[in-house]
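Over in TrEMBL, the protein carries these features:
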REGION    1-45  region 'Disordered'
TRANSMEM  239-257  transmembrane segment
TRANSMEM  269-289  transmembrane segment
TRANSMEM  322-342  transmembrane segment
TRANSMEM  354-373  transmembrane segment
TRANSMEM  409-428  transmembrane segment
TRANSMEM  440-459  transmembrane segment
TRANSMEM  498-517  transmembrane segment
TRANSMEM  538-558  transmembrane segment
TRANSMEM  578-598  transmembrane segment
TRANSMEM  634-662  transmembrane segment
DOMAIN    691-823  domain 'STAS'
Amino acid sequence: MTNPTPHSSSSSSARVSPPLAPHVPPAHSRKQSQHVPSIPSRLRENVVMSPEETMARSISAEHLAGPTRLNLSPPALQPHQNTPTIIEPEPSKLSDLENESITVEIDEPSTQEVNATTSLLGNYNHHNRACGLRNCNHGTFSPRAPSIRSTYSSLDSSVQFGGRYGATIGDDGGPRDISHGILGDAVADSLTGNKGSSTTRWLAHKHGINSPRFMYFSYYFPFVKWVRQYRWSWLKGDLIAALTMASFYIPMALSYASNLGHIPPINGLYSFVFSPLIYALLGTCPQMVVGPEAAGSLLVGSVVKSSIESGGSGDDDNVLNAQIAGVVTGIAGAVIFVAGLSRLGFLDSVLSRPFLRGFISAIGFVIFVDQLIPELGLAHEAKEDGDVAHGSSAQKLVFLARNISKSHGLTAAVSFTSFAVIMVFRTLKRKLQPRFPSVAYFPDRFTVVFLGAVLTWAFGWDKQGLDILGKIESTSGTKAIPFQWPFTFRHMKHIDSALSTSFLIALLGFFESSVAAKSLGEGTHGLHGMSLSANRELIALGAANIVGGCFMALPAFGGYGRSKVNAATGGTTPMSSILLSILTLICVFFVVPYFYYIPKGVLSAMISVVAYSLIEECPHDIKFFFKIRGWTELSLMSIIFLATVFYSLSTGIALGVGLSLLQLIRHATKPRIQILGKIPGTHEFENAELSPENIEYIEGVLIVKIPEPLTFANTGELKNRLRRLEQYGTNAAHPSLPRVRHEENNRNIIFDVHGVTQIDGSGTQVFTEIVEEYVKRGIRVFFCRIPHRRSQVFQAFERSGIVELCGGRRRFVGSVDEALRASEAEDLEEYFGERLRGHERETQW
């Protein structure tokens, strides 16, 4: 219906008086309305047009501008009359419709009737757009203010949200040049030498960035950015943080090397000499500090012990043991570095949370049990019993129970006192730090180590049977730091045995580093342009460990606790890591001789504290999974923990990785298709299996939603799942159940493929076979909500012939509701076609 155009009153014009409408004053005395629509609201019309008027209103718009006015005066309308009035035009006027144009006029409201809308109607001006906008169409009584934001072209404006360079977009919406799609703009531009051919270069040129090569360089070498922004005022905080971390973690590095890695203690210090320095140059998290960790050191020790057991080395062969540790570290670094170049930053999501928690808790338990032997002074007895020294944690617990009476009293007293003092300081720091942040600067571990060394020297405890660290020497026999390339042929046998362990070290280390980086974020360092990147983190950690492997150091990764200490004690930039490397280097050359009297029991106590910290989060996770009835997760945690404790680390690793991959494969290969039903009274559809009592089923139609990309992994069971939906109407029914859904209910199949954002060749082939089978059975197939006609999914459908099999593009519609209407239209067409053919046969007969 054409909306009437308001004009001033005239005795010869048609008048329509709306019910209960109050009087509107003349135009010159009316107050101007704030929002007047260009098209008056149709809510004011309360009439039903007669067939004649409908015909008259269907005349073309060019007949609506003339002076002739049609009299459409209705009978008198009573107040609160609900029955609509049919308005009949005068027959004398209808005869001139072909030659005359029509003007419909609205009558001025009566002054006799006043109601709640009088003031609104009184302020309404039919002639002026009082809001001041040219295309004002805000509505009569519920105005909606227009947006004050302007819109811009993504290609023409300098303030756009980005956009893509048109020459780089292919027909499928992806990159036209495959090198940019696979390698990225930076690498592709460097290799091809094409200037201005990528979106990145186009945007850089558009926004006045004249040196894209320096832009790329500073992105991949972040030290270029932060060095240029560094302020001398930050040096004090970075230096204090480096001194604090050195006092905490230099003794820890000695403990990791000697007690967990079974290599010379000085090789633990090498990790802090090289790894923090390399990461400071390449890393993307300014406040994260990398160094050796308990889990990685224990895994290195397992490889060294395996070599000792096989006769490849001995407990006293420090040089060969250090070389094996360097090989493990180098392989772990190479794995991470290659993963970073391949842009596999998602690797931290491969291992499930239950696997990590179960494995890390098991490592903590293994470390805690291992350290009880030197803490009780039973190291010599355990060394004599070869099965215990290289056995499982369960065997060591049995050994401790049998030999507890042989414990060395002084060693046990020093060890357990050190453990208790560190735990007390740890608890006090946690409670006091929120009120007194300066307590974070107190070097509790360094204090315990220092007092232990001084008391041992003063009272001669080493002569009373207390094991001390002794003389620390480099594996080269000189003060120089030895260098060896870990990937040589003479180390090939060690590479074969260390490959699986190195891969796990890399994965666990990257996971821990990712947790630390995400927790710290970009920090409060004040640096600009430093953004976290998982791929660049892989490259930085990989380079740090490759360099560390060349100097036979322990694997080094980002530690959350160490990084939090750095941030809490004033570290704001990567300069704190560089200063830590310098302090450790000074310690290697000048301070190592003063470590002679450090008791080994004190170092074991420090590691026991770390082991306790690895275990203490496990009860929280167990409680959480028990609360949500996560029996699968609890079972996985228990299996990994028990296998590691009662057998070995390698057994726990193999079981954990195997079960995690099985879970991942099972999840990836299971198609999550849904049968949809209509919500009554709406045009919306939802999963019918969630609330079947609240939805409506459409007769003769099966609506199937595919909410995920289709690949070779999840299309193998797609046919069986669809067949189960056809037969039972649900995925929950067991296949042994006889068919309960009749075949006539599947005359039309509608696939909602909005979630299918990608489909590979195998998925396309399987889907083509499914559609072919439906077409052979006489079932119509419709597709709705396909991402885009230029998308890779639709192009795969066209090239494979799915579009042609379905009946052309008309079977691809925008919504489920449109697909239902199309299927209903084809049902009616088929029905009446059959009736017509039957009638023709009867007539011929």
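Heads up, the Cβ atoms here are built off N, Cα and C, so glycines get one too.
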Which of 409-428, 498-517, 538-558 contacts the transmembrane segment (322-342) most, counting Cβ pairs under 8 Å
538-558
For the transmembrane segment (239-257), which recorded stretch in the set 354-373, 409-428, 498-517, 538-558 gives the largest number of Cβ pairs separated by under 8 Å?
538-558
Of the stretches 354-373, 440-459, 578-598, which racks up the most C-beta pairs under 8 Å with the transmembrane segment (409-428)?
440-459
Residue counts (helix, strand, coil, in that order) that DSSP gives for the domain 'STAS' (691-823):
59 helix, 20 strand, 54 coil
State the residues, same chain only, that lie 6 or more residues beyond the ends of the transmembrane segment (538-558) and have a CB under 8 A from a CB inside it; answer 'none' if no residue qualifies.
220, 253, 256-257, 261, 263, 267-268, 270-276, 278-279, 281-285, 288-293, 296-297, 300, 322-323, 325-341, 344-345, 347, 475, 481-486, 505, 509-510, 512-513, 516-517
At an 8 Å Cβ cut-off, counting only pairs 6 or more apart in sequence, do the transmembrane segment (634-662) and the transmembrane segment (354-373) clear the bar of 3 or more pairs?
yes
Restricting to CB pairs under 8 Å, which listed stretch, 269-289, 354-373, 498-517, 578-598, is in contact most with the transmembrane segment (440-459)?
578-598
Give residue numbers and ranges for long-range contacts of the transmembrane segment (498-517): same chain, 6 or more residues beyond its ends, CB-CB under 8 A.
284-285, 288, 290, 293, 295-296, 299-300, 302-303, 324, 327-328, 331-333, 335-336, 339, 347-348, 350-351, 356, 359-360, 532, 534, 537-538, 541, 555, 557-560, 563, 650, 653, 657
For the domain 'STAS' (691-823), provide the mean pLDDT of the predicted model.
88
